[in-house]
Ligand code: PBG
């Protein structure tokens, strides 16, 4: 029988051996591309598991040190700190107090990391307000954009004073990047970087995070976070944040927004981050626990896909574990 394939063009040649696949692989994963989000809870004596995020805990200030050591040892690019205060109020006072739990956590993490990675802090009021919104409210209960900016400026100064290398603005208030940049520069913190959650969607995939921070939110965040239907609007938000001085822009969530991520990566003049959020983590863990997907391969593939779509770095709760696998692989 004659060969029916003329055989000149055979893409399978490049897939024929592990060595050939390794040589021609288009996308790299490296620990420096990964950032670990970490939760710290005030008033705990022991780390406390988060039921909807198996394997993730609320840390004490003491156990935070071990998490930072693990992240530095794994070669991660950074840690992103979130904190849960014991007392909440209408304006989120604990966010700007120097002995507020987040600011104390920043100081502990910065000392522990000793320059080995970038210590990043979530700059948003939702963990600190009793109503759970990302800003302060008007008397009739709407999120007051411009009054919130005043709080964000103060919060940035508190985080910078605590030693944060980078502040992550996740509140989606208009003008937040410019106001925070000016506040930092005005106080001599011109080297503190601003990461803007530029394209942050009003997503159901934040569900487990609300457990992790014991959110008291009633309702939703649709008056400030993006509509999941919108793609063009993300480009507008990125352009605004870059013009206001963002050093890094972020797309969030990641897996359901790879089109948005690819758009942003194609045009952004600054590095692009993507956040594989709590619901993405929970889905992977739940399916793996049920035996429906191969855990390690699925985690690897999901983060690789986010990189392939254009993220320079990825925030993922799997960061330290994944970095461990990558180190083994490169041996
Ligand atoms: C707001 C914030 C949220 C997340 C990160 N920063 C929650 C929200 O916007 O409702 C979600 C992260 C995740 O789901 O993993 N401070």
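Backbone N, Cα and C define each Cβ position, glycine as well.
Bear in mind that TrEMBL entries carry predicted annotations, made automatically and left uncurated.
Cβ neighbour count for residue 200 (active site, schiff-base intermediate with substrate) (all protein chains, 10 Å cutoff from its Cβ): 27. The active site, schiff-base intermediate with substrate annotation in TrEMBL covers 200 (among others).
The 5-aminolevulinate 1 binding site annotation in TrEMBL covers 210, 221. According to its DSSP assignment, residue 210 (5-aminolevulinate 1 binding site) is helical.
Look at TrEMBL and you will find 237 tagged as Mg(2+) binding site. According to DSSP, residue 237 (Mg(2+) binding site) is assigned to a helical segment.
Under the heading active site, schiff-base intermediate with substrate, TrEMBL lists 252 (among others). Within the same chain, residues at least six positions away from residue 252 (active site, schiff-base intermediate with substrate) with a Cβ under 8 Å of its Cβ are 170, 197, 199, 200, 201, 203, 274, 275, 277.
According to its DSSP assignment, residue 317 (5-aminolevulinate 2 binding site) is coil. Annotation source TrEMBL lists 5-aminolevulinate 2 binding site at 278, 317.
Its Cβ taken as reference, residue 210 (5-aminolevulinate 1 binding site) is surrounded by 16 other Cβ atoms within 10 Å in the chains shown. Other Cβ atoms within 10 Å of the Cβ of residue 237 (Mg(2+) binding site) number 21 in total over all chains.
Taking 237, 252, 278, 317 as the candidate recorded positions, the subset whose CB lies under 6 angstroms from any atom of ligand 1 consists of 278. The separation of residue 278 (5-aminolevulinate 2 binding site) from residue 237 (Mg(2+) binding site), Cα to Cα, is 23 Å. Secondary structure at residue 278 (5-aminolevulinate 2 binding site), taken from DSSP and collapsed to helix, strand or coil, is helix.
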